[in-house]
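Taken straight from TrEMBL:
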DOMAIN    352-463  domain 'Receptor L-domain'
DOMAIN    503-582  domain 'Receptor L-domain'
TRANSMEM  16-34  transmembrane segment
TRANSMEM  46-65  transmembrane segment
TRANSMEM  168-186  transmembrane segment
TRANSMEM  207-226  transmembrane segment
Amino acid sequence: MLTGVEWRHLLIRVEYFSAVISIIINIFLVHLILNKSPKSFGAYKYLMLYFSLFEIFYGVLTGLACPFHHTQQGTYVSVVSTKDHVLTRSQLEVVNGMYWWCYGVSNGLYGIHFVYRYLASCGIGVLEAFGLKGDEFIYIGLQIYEKTKEGGYKFNWKQIIGSSINETTVTISFFTIFYYGIKCYRCIQKMASKSRSSRTHALQKQLFYALVIQTLIPTILIQMSLTSILTLCMFNIHDELINGSVSIAISIYPVIDPLPNIFIIRDYRQATFQEFTIANNPFLSNINGIQRLSASSPCLWSVFNNPRLDFPAFFADSHAEYSGDMNVYGNLKDLGCLQARISPETLPYYQNCTKIDRLEVAALKVTKVDKNMDLSGLLKLTNLTGNLEVFNTNLQNLSFLGNLKYHYAERFQSYNVTNIHDNPNLKRLGWDSLKFLSPDDHGFVLNIENNHPDFCLTTNELQVFAEHSIAFYALEAKFCPELYRKDGQKVCNWGDLSEMSSDCQHVIGEVVIDASNENDVWKLKNMTNVYGSLTIQGTNELVDLSFLAKLRQIATLNMGGHPLLRILSNKKLQKVTLPKMKTSPFVSCTKLPVAEGATGPNPEYEEWSG
């Protein structure tokens, strides 16, 4: 059994070490919050940032104070030795007071955090024991029993009432956590059944579970520890082992508390554990020693600014075994247009690419760029083989891909999703030249979510998507109001058929043919595409649908709405033929599962029918 002096020296060393490690970990978490948070975090990242800064401050105070806890004769004290510090006694009194102020603040913080999470988704013995003289320590404590003049003991009601007020705040905090924790969990479960955005649902689950574990950590390490020591105090029990263990438990709290965010939130976990960097080595020319290195999950290789490194020579020998994500630039030789990850640093290296070709992973990634960057060098790109991901940008459109004509992807590849997400200012794709997608028949998978609320698709874009019957994980979009098409084909909004032009080829709206306008159906003889729905109902004279001889496709963005094509209660209708319609009405898409950590979300299997 350690003596009090030995406990004091051990605890000071442990608390110094814990303080340093907690500061390092929380500084790293601040870096992740500021630089790796998805745009969809919004203001929530600032609350996370506040918590991390608070725990850095708490770690600093722990290292300065190094308090240890002691119970004796119905008294509990938190002791700070002035003998083992360079700070003066008056300075340590302030530090000790601020240390326990942090404890009081932390009682309420997690309750506030759960509310926010819900709103976003839905004496002498001491001196002898520790070998300190009367002027070599300061303390804050609680004395439950007060000694009487007769030598007996009585309850110290003032301090008991003060302690009860403190426990009441803790109880209120836990009630808030419990109440809003349940409401938050139910809200997330409801989101799973209703939301089309599986990425949003997955992110909310990650944040919720991280918060639950972050709440359990101080509950076990601080609240339960202090409860045990106050219980000893109440029954006038003195145990050095328990007192020392409580001091250690409280000191390691800021070390462990940031870890759930790092390990559970996918963006932070990937940034921490799934990036391999070789950078800024002026004499490095050979990395064949890592030729056989492979990853069991998708990993980002960042290889840049190594002026003597011939990376293609290494890649040619090893890439067959490796399907990781590459960010290679500024070396003696790079991968050229084999794979491109566009950011402010890499943009100059991809200005002349007409074709980007890497089928196994995302061939083209665009991130952390804004509308003021000149991306016109990418206008030369016409062919893309592999997937595209655009995320965490401030772009308003993707018109730098305006000349992209052919986009090929691999069928049935678990990480194979063309993914446009978390771009808060993005309102348009701007893919006016897009002609061909492969594979078709639900083999090409697209995810569009968490962009600007007014994000929209043009008739040209939706026509290409419909003709190739692509599948969606999520599609958060509207119809663009613009009637202009680069190919010159006529676009019209549906309205009074008698006043519409007879040369409309693309019609936007809920097209309804009934007794009131059936005499003007000849005006639809050139209509090839409907964006909305088509209903033929209650006509008196129609005998066939020859006026729809050129109709090729009906498409909608209203997934889960009424049927896209309805033919009902027409008195004389005898024959229904749509000779040019080669594919079924669109969107009829399937959400497919994908592995955790993949480019796309990770939803459960579900079918949507337009």
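Every residue, even glycine, has its Cβ placed from backbone N, Cα and C.
Curation does not apply to TrEMBL; its annotations are automatic.
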Using a Cβ-Cβ cut-off of under 8 Å, list the residues of the same chain that are 6+ residues beyond the ends of the transmembrane segment (46-65) and lie near it.
15-16, 18-20, 22-23, 26-27, 29-30, 33-34, 37, 80, 85, 87, 92, 95-96, 98-99, 102, 105-106, 109, 113, 116, 251, 254, 257-258, 261
PLDDT averaged over every residue in the domain 'Receptor L-domain' (352-463):
83
Across the domain 'Receptor L-domain' (503-582), what are the DSSP residue counts per state (helix, strand, coil)?
10 helix, 26 strand, 44 coil
Using DSSP, break the domain 'Receptor L-domain' (352-463) down into helix, strand and coil residues and give each count.
13 helix, 45 strand, 54 coil
